[in-house]
Amino acid sequence: MITLYNTLTRQKEVFKPIEPGKVKMYVCGPTVYNYIHIGNARPAINYDVVRRYFEYQGYNVEYVSNFTDVDDKLIKRSQELNQTVPEIAEKYIAAFHEDVGALNVRKATSNPRVMDHMDDIIQFIKDLVDQGYAYESGGDVYFRTRKFEGYGKLSHQSIDDLKVGARIDAGEHKEDALDFTLWKKAKPGEISWDSPFGEGRPGWHIECSVMAFHELGPTIDIHAGGSDLQFPHHENEIAQSEAHNHAPFSNYWMHNGFINIDNEKMSKSLGNFILVHDIIKEVDPDVLRFFMISVHYRSPINYNLELVESARSGLERIRNSYQLIEERAQIATNIENQQTYIDQIDAILNRFETVMNDDFNTANAITAWYDLAKLANKYVLENTTSTEVIDKFKAVYQIFSDVLGVPLKSKNADELLDEDVEKLIEERNEARKNKDFARADEIRDMLKSQNIILEDTPQGVRFKRG
């Protein structure tokens, strides 16, 4: 039974899908005017884990994440580079796929783009105008915020409180300062589309409402994104969608915490703006992913090199222990009376599932993985290895790897580490001392299969790589 924290109700709730066995999930994607920064990477990784865990539990997940490919930032960038908006968007959509692919984020079921849904957006806005929820003024179209009775329910703000501080900017023709833009009148030299309201382009909020409706229907199971999107973006999505569809927009809302850089907010003005495109040249992408999930998704996370190094060390411990298990698989035998280890492995797996069922607590899930690695090391050092136990270890390691999306081997780690070879040599020496020559030969042959040659010298056994 999976429970998740629902921002809408401010409490953990048991997940109940609209359709049994299926999850319809929409995650707000990036505005593709630049390479993504690590703040964009966090939701991509966190909600990839959510998706993976639902799939592990047998659900069919329809995972939709959009690209905003027309926006003020894109228009400004196209003017700076003297390129078209579509050219800019194509470049950074390709870069996004490359960056999140390096972070082992699975491809979405669908990545809708705003430009591909322009007719749908225009029709959606027209429907809202026809229903009295929106109005055209001076070539712009605005949403009548006060007409939607539930406005503020996601961010838990009253509309009267929101009124304080709201203002109408010069050039706007709103009925109310709280009304927000659905359609922007075209400006000279900007990309635009023809519509019943005149030449222009959509506002940011309407885009996600329309793409979610087109891809997943009037009501979805889970809508997710960063905490910064809760208000006004997601609040406005609810207003537009529920006014248009006459149905709840999303049953569950998930929001991940912010990323700070050395305990400071990430910003270009502070010079601490970190692009994934750059950082994965210096930090192993697997380590970066492991670091991101080492903290619960709703909590803020602090990025610094010391913490990243700690994540690297932790992942290395897990991988080293798995490597020992793989090595022992080659010399394991059918030994009975090791049920205690099977039971301990099952207990760790049960704990992993328990913490993941509790709002996808990856921090505690990683603790369970560390405990599995500790048990594996103890087992290998203290026991003659059983095929049954080794296979059980491998199966649970693979589950943890698949759910958390962290590979069990680094991309360039096909070779045994020197320290692991030394441990095997010590074990072989002990086997020879005990006249267990069969085991000694098995270890020698296993090392040979890894192109590691043992040499007897007056100083003891040494090895070299073939």
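Here the Cβ of each residue, glycine as well, is placed from N, Cα and C on the backbone.
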Correct range for motif ''HIGH' region' (source Swiss-Prot, candidates 19-29, 30-40, 52-62): 30-40
Motif ''KMSKS' region' per Swiss-Prot - which of 10-14, 80-84, 265-269, 350-354: 265-269
Tally of residues which DSSP labels helix, strand or coil - the motif ''KMSKS' region' (265-269): 0 helix, 1 strand, 4 coil
Greatest C-beta neighbour count within 10 angstroms, which of the binding-site residues His233, Lys268: His233
Outside the motif ''KMSKS' region' (265-269), six or more residues from its ends: residues with CB under 8 Å to it: 37-39, 258-259, 303
Candidates Cys28, Cys208: member of the binding-site residues with the richest Cβ shell (10 Å): Cys208
Cβ contacts of Glu237 (Zn(2+) binding site) (under 8 Å, same chain, 6 or more positions away): His205, Cys208, Ser209, Ala212, His223, Phe249
Inter-residue Cα distance where the pair is Lys268 (ATP binding site) and Cys28 (Zn(2+) binding site), in Å: 22
Nearest-integer angstrom distance between the alpha carbons (Cα) of Lys268 (ATP binding site) and His233 (Zn(2+) binding site): 22
